[in-house]
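> One structure, as structure tokens, below. Some questions next.
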């Protein structure tokens, strides 16, 4: 890498598609378009059904609406650059535009993590204290939780773009993905990045890491409550209300943890594996979450069938 010791900030970065498969990008774009379309239509459908169905105006579905909005945001953040590379080989992205995309991707990821924690808390209250559930999670309380989640993500990540702008960069400007990711940009610097690494790790552990720990604790308490129920049928009915949420948690956290570990410790991991994990992290959850909740939630499914039935008449 060329570096003459003076401050250098590249005017733009070059994004990467799928390494080694550049000649097949047009064909590869077909499943990506399908996933993006499913994510957009599915999450819009969830929001429409919850808004139009009065019986779904309760905390569980308010949090599901927040999850759908967050997933839509993630899709809209990555869709232009990903399909721009696959369709038109548009690899160039301006430095400030890259930092902006990175900031919103990380904010939305942190918000999704916090929403999943709020949903776990809702399930715990609904199963452990069913009579007190409406009085604990009122509409006002849900709104306050939503605002706190957004504020937490925005404030905790606000220093990240400024920490990146202070660095001097090498002449190599090629990113590892078709979107901007903090560790990816940071590793292109020719300066001491200890502050960036330390702050990024602290924020990740104190937000997403703590969210995951509290989600696990919530389910430990839920299981203890379910075990104390009188009949097997009651146990299964209570656990069945959590299946959708458990699937959403696994779909989100497994690839996110994998991608974080690869960027920090997986120096010898093949680029293709890194790329596939990144796409799994940002595209699969927004596409799968509406499907999971449509299949497992009888209320969502019935409302969808009613909406389709009215349109067919």
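Here the Cβ of each residue, glycine as well, is placed from N, Cα and C on the backbone.
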> Among the residue ranges 142-164, 165-187, I'd like the one that TrEMBL describes as transmembrane segment.
142-164
> Note the mean pLDDT of the domain 'G-protein coupled receptors family 1 profile' (42-293), expressed as a whole number.
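Mean pLDDT, the domain 'G-protein coupled receptors family 1 profile' (42-293): 90.
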